[in-house]
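Each remark here refers to the structure printed beneath this line.
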Amino acid sequence: MDIDSYRFRAPKPNYLPHKQDVDRDSIVEEYNTPLGLASEMDNAKFYAKCQRYAQEAGITRPRGYNVSFHCNPDMEQHHFGQTHPMKPWRLTLSKSLIYSYGMSFAMDNYISRAATYEELASFHSTDYLDFLGTVLPEPIPRDLENQNPDLKFNLGGSDCPLFEGLYDYCSLSAGGALDAARKITSKQSDIAVAWGGGLHHAKKAEASGFCYINDIVIAVLELLRYYPRVLYIDIDVHHGDGVEEAFFSTDRVMTVSFHKYDPNNFFPGTGALEDNGPKSEHNPGAHHAVNVPLNDGITDEQYGWLFDKVIGQIVDKFRPGAIALQCGADSLAGDRLGRFNLQVQGHGACVEYCRKMNLPLILFGGGGYTPRNVARAWTYETSIAIGCQDKLDPLLPPHAPWRDHFRHETLFPTLEQILGEPRQNRNTQKRLTEIVQHVTEQLRFVEAAPGVQFQTIPPDLAGIRDDVEARLKEENEEKRDELRRAHEAAIGTPMEL
């Protein structure tokens, strides 16, 4: 483990030529509380405490498989606006808690580079990317004074504001997801964690739902170069419409979304039970979109039962070569936008179910608008990825940074602590059974082995990747000795089969 990965990094230049210099030292705040920067000595002390915690708790590398963790601190410093629900600082809070539990010593840790323009263009239109990279920031959303503003590519409103460093933020998010996909396809990782990704609403040429670049689609396109079929699962409280639309007409990707469905009152209003892909049976994508619409108040027990029944059938029939799991934390109880009664344990049970399938797996982030909830969930789910969830102390480590932001000292707060009183559960068992029956009937029309030989293989971006990574190789050479010494310290050492 490299101690440098704990340190703050100044922003790197944009890949586009029109980069403007921006002083962002004070741009990241949470509830008007400046975060500040740790000193070199504080960083060293924190590193030592994390190392000691890993030793005492027995946090080691999992047996028989490898997990990688992908992030870039530069992404965490961006700010959508003081009143906007999306807080990139949640990534800082999540990463610090994961490190505090000593889990970094059980994974390969990567500071992912930003995605290049060409890599983003593997899915997004060049007109959209050019505008995204050149448009100037606007501190006040256009729809505050005009309810029907003219928004090009849906950019500039309260939903998708134009903030400082927008293109940097987007390319860093996509870069982490793409790095995770490449570690999977190169067999360097069996599970890759990219909490900075998961922005599932973005379309080919349109921003939507706080999402500007669809990093999931870009990562799945990379997976499709190596795997005949990829299963995409979405447990965000919102429908994964952008990913479903991107793979609407292919039988190589099956999309499954569990979400709150209220078309008149809840964004994005899509994802009905009957929305199963193209209506024409001649379209390869027919029946390859599975939607699981839910009502307010669903519980851990109901969600787990439904996930087991739906995903179990799909894996048996579709036979994916890899799984992409979007772990949006806005489906947790107490989220600023969500309305479910899910707790950290119930949310994490979905990750555990997918891990036990022993298929290559990418864990993406996604929604989540109460940062302390997000940090708890993604910390617990990282522990599931490395198989050490039973070794975690339910009490948050005393050395965890910003510990007072969690309100309660436990990793697993009760519904009473989170909500006071749980939300009314509007999901009947009869309705959940009907959903399972519908999915069962839908899968009857899915071929067990789709005709992948007739599908277009995504473009090979290896040349672009090699050029960029060659420039970075020299910078990383000097860090190898530190990494070797960390491995030799017998912390997080791979276990024998």
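Including glycine, each Cβ sits where the backbone N, Cα and C put it.
Close to His201 (active site, proton acceptor) in the fold, though at least 6 residues off in sequence, lie Ser208, Gly209, Phe210, Cys211, Asn214, His238, Gly240, Asp241, Gly242, Pro268, each with a CB less than 8 Å from its CB. Annotated active site, proton acceptor per TrEMBL: His201, in sequence order.
If you take the C-beta of Asp159 (substrate binding site) and look for same-chain residues 6 or more apart in sequence within under 8 angstroms, you find Ala207, Ser208, Gly209, Phe210. Summarising the annotation, TrEMBL assigns substrate binding site to Asp159, Gly209, Tyr369.
Summarising the annotation, TrEMBL assigns divalent metal cation binding site to Asp236, His238, Asp330. Of all Cβ atoms in the protein chains displayed, 26 besides its own lie within 10 Å of the Cβ of Asp330 (divalent metal cation binding site).
Look at TrEMBL and you will find 474-488 tagged as compositional bias 'Basic and acidic residues'.
The domain 'Histone deacetylase' feature in TrEMBL is assigned to 84-383.
Annotation comment: TrEMBL describes 474-497 as region 'Disordered'.
Geometry remark: Asp330 (divalent metal cation binding site) versus Tyr369 (substrate binding site), CA distance 6 Å. Tyr369 (substrate binding site) and Asp236 (divalent metal cation binding site) are 11 Å apart (CA-CA, integer value).
If you compare every pair of Cα atoms in Asp159, Gly209, Tyr369, the residues listed for substrate, the longest distance is 14 angstrom. Taking the centroid of the Cβ atoms of Asp159, Gly209, Tyr369 as the substrate site, the other same-chain residues with Cβ within 8 Å of it are Pro85, Met86, Cys160, His201, Phe210, Cys211, Phe267, Leu337, Gly367. Sequence-distant neighbours of Tyr369 (substrate binding site) (same chain, 6+ apart, CB under 8 A from its CB) are Pro85, Met86, Lys87, Asp330, Asp335, Arg336, Leu337, Gly338.
Close to the recorded divalent metal cation site, the chain also has Val237, His259, Gly328, Ser331, Leu337, Gly338, Gly366, Gly367, Gly368: residues not among Asp236, His238, Asp330 whose Cβ is within 8 Å of the site's Cβ mean position. Around Asp236 (divalent metal cation binding site), a 10 Å sphere centred on its CB holds 26 further CB atoms from the protein chains shown.
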